[in-house]
Structures are given as C-alpha cells and as structure tokens.
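Following: one structure in structure tokens, then a few remarks.
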Amino acid sequence: MNGDLFFGLLRCLRNPKQSARPKEEVHHQMIKDMSSNFKDTMVKILLLGTAESGKTTIIKQMRILHINGFTDDERREKIPEIYQNIHDSIKQLVLQMQPLSLRFGSVTSERSAHYILSLPAEAPEYFTEEYCDHVVTLWNDVGIRACYDRSNEFPLLDSAKYFLDNFARICEEEYIPSTEDILHSRKVTTGISKITFRVPIPKSLGGGEQEFRMYDVGGQRDERNKWIQVFEGIQAVLFLISCSEFDQNLREDPKQNRLQEALNLFRAVWQNRFLASAGLIVFLNKYDIMERKIRAGKHIADYFPEFDEFSKRPQQQQSCFDECDWTKMFIKQKMIDITHEQFKRNSRNQCDFSYSERECYYHFTVATDTRCIRDVFSDVQQMILSENINVAGSSLF
C-alpha cells in the first residue's frame with residue numbers, strides 16, 4: 001500500500017470530525033481507495049492441472065470474453081489443428097478395433113479402415129472427397145461406435161465425438177472454424193504461454209478496470225519441472241481437474257488412474273511453499289462428460305471403492321439427488337480432505353508438520369461453455385480483488 005493512502009486513512013481515523021461520518025461511508029471510501037490502488041498492479045493468475053484438464057480452453061475463453069475473440073484469419077490458422085484432431089481420432093478408433101476384439105459392421109468399413117491406416121500420422125493438408133467418404137463410413141459403422149463407447153480403455157481426445165459429429169460441415173470447401181470448434185480443438189501445450197487482458201471491476205469494489213495476466217503451462221509429467229519459472233508474483237492459482245477422467249489412465253503411464261494423478265498433483269500444489277501466499281481456486285471441469293459416462297452405465301465406485309461408503313453419508317443426502325450429484329460431491333470432498341491434511345514443511349534447520357490456513361474455492365465448470373466460464377470467472381475476479389483488499393485492510397491495522 002502506498003504512503004499517501006496509508007497516511008490518508010490514518011488521518012481519517014485520528015480526525016474527530018471525519019470519524020463522525022457514518023461507519024459504512026468510511027468503509028466504502030476505504031474499499032474504493034484500496035481498489036484504486038490495486039488497479040495499478042497487474043493480477044497474475046497461474047493455470048495448473050494435469051494434461052487435458054482444460055487449461056488451454058480457459059485461455060481461449062479469456063480471449064473470447066475479454067479480447068474480442070478471433071478474426072477470420074486467426075480462425076483459418078486453426079484448421080490444421082482441427083484436421084489433426086479429426087485424423088488422430090479416427091485413426092485411433094480404427095487401431096483399437098483389434099485389441100478390443102471388435103468387428104467392423106461391413107466390408108465397406110473394412111476397406112475404409114485400410115485406407116485410413118495407410119495414411120501417415122500427419123493429417124492431410126486438405127480433406128479430399130475420398131478421405132471424407134472414408135471417415136463418414138467409419139464413423140457410421142456399428143463397430144467403430146462400439147469402440148468409441150469403450151474409449152476410456154485407450155487414449156482418445158475428449159473432442160473426438162464433437163468433431164466427428166460435425167465432420168460434414170468441417171469438410172466443406174469454404175470451412176472457417178466456429179468459436180465452438182476452436183474451443184474443442186486441442187494441441188499439446190509445451191513450455192509456457194500467457195495472455196493479458198483487462199476486465200471491469202464491480203462498483204462494489206470501486207469500479208474501473210483491472211489488468212490480469214494468465215499463464216498456461218503444460219500438464220504432462222515431463223513439463224511440470226518448468227512450472228516453477230512462473231511461480232514468482234502469482235496472486236492466484238486456478239487448478240483444473242477433469243471430473244470425467246475417473247475411468248481413464250494416463251497416456252504417459254497406462255497403469256495410473258488420471259483422476260488419482262490429478263488429486264496427487266493437487267496435493268503437491270496445495271503444499272508447495274512457493275505458492276503458499278497465492279489464492280487457490282479449483283475448477284472441477286468436464287462434469288458434463290462425467291454425467292454422460294454415468295448415464296451410460298459407468299460408475300466411479302469401480303475405480304474408487306471408497307465411493308460406496310461416501311454415498312451413505314446422511315449429511316450429503318439432502319444435496320445429492322442421483323449418482324451424478326454424488327460423484328461430483330465425492331471428487332470435491334477428496335480435494336477438501338487434501339486441504340485438511342497435515343504435511344511436512346522443510347526448512348534449512350528443521351522439519352516440522354503443519355496445516356495450511358488458506359481457503360480453497362471450488363467451482364464445477366464446463367470449459368467449452370462460454371457462459372459458464374464468464375459467470376465463474378466473474379466470481380473468481382471478485383474473490384481475488386476482495387482478498388487483496390482484505391489483506392491490505394488487515395495489514396493497515
């Protein structure tokens with residue numbers, strides 16, 4: 001807090017005439033002055049989480065919401081990425097047919113499968129009529145659909161169904177990716193990327209605008225050693241965890257459950273001493289995919305047996321109406337339990353055990369839903385600014 005603001009508030013406290021002003025008015029002016037002071041300071045937010053949890057999609061949403069989205073030229077630049085997503089998806093489905101002991105529904109589909117397997121790993125620069133016909137044939141095949149229904153047993157993009165369902169539109173000669181196409185597209189994040197944007201400050205916190213800088217880092221195991229490069233000066237961490245991954249294993253470690261990996265990573269982030277002063281917000285993401293899986297007959301209890309005992313808790317029964325609700329609350333409770341764990345804090349001369357006194361905030365999100373992210377980020381923004389004002393207020397007195 002700058003000196004002028006500090007001494008101004010001090011004079012207000014010492015001056016009898018000023019202190020006679022209504023308490024609410026003085027409090028409002030303090031908030032306004034503090035908020036004005038923070039406008040000159042950039043708020044740095046770090047996105048953390050495992051690979052494919054939705055971090056890069058959040059970056060795209062910030063661009064849509066706060067930087068006027070994408071131009072037509074920028075949309076066209078996304079076409080190779082979308083083509084690659086489609087090519088990877090259909091090729092992976094064909095490759096998994098034999099290991100899963102599945103059969104194609106027709107000889108025509110088998111010919112299409114041979115055609116796809118004859119192509120290199122890189123997607124074609126242009127989708128020819130021949131290529132499009134083969135992909136359409138395969139996606140309509142009963143065997144490929146049965147393979148897709150078992151996609152939790154092998155690595156497949158979450159957006160595979162979206163792009164294959166929209167394949168006829170994407171094949172059009174004058175195709176320009178829609179905003180939804182861009183949100184569903186995926187490219188592996190390596191290194192560190194960032195986006196800077198300004199958002200309006202609520203009038204209750206003084207009004208005006210606040211500048212934010214958001215950092216995205218790769219979530220794969222071999223990328224996490226780069227995270228420490230952006231820890232300095234971070235005011236808030238957005239940790240993304242994919243609720244839908246309870247029945248999937250890691251690409252880089254086929255024996256490790258993805259949800260368990262995310263929980264282990266959250267523990268490491270929560271206990272990290274370099275992030276001890278940063279606010280922590282959790283986005284429990286992709287709950288829409290989680291709900292689809294449960295309605296299709298998947299159960300988290302098959303992968304986390306402790307779920308059965310959790311679902312019998314009487315205190316949760318008023319807020320949980322079906323298995324989808326129970327599963328969401330179970331994953332959230334797993335994270336809450338981690339924040340209550342005692343952990344080892346190492347220092348130069350001693351090793352002691354302690355608890356973190358920070359609060360953690362939880363939101364269920366669908367990262368590809370712009371309206372959802374707009375509403376949630378509005379709450380996050382207000383929480384961050386309020387926390388800054390609270391810290392300044394407590395330090396003042």
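Cβ coordinates are placed from backbone N, Cα and C, and glycine is handled just like the others.
The GTP binding site annotation in TrEMBL covers 52-57, 158-159, 183-189, 216-220, 285-288, A367. Among the features that TrEMBL reports, Mg(2+) binding site is placed at T56, T189.
In this structure, the CA atom of T189 (Mg(2+) binding site) is 8 Å away from the CA atom of T56 (GTP binding site). Least packed by the Cβ count within 10 Å, out of the binding-site residues T56, T189, V217, is T189.
Fewest other C-beta atoms within 10 Å: among the binding-site residues E52, L183, K187, N285, A367, that description fits K187.
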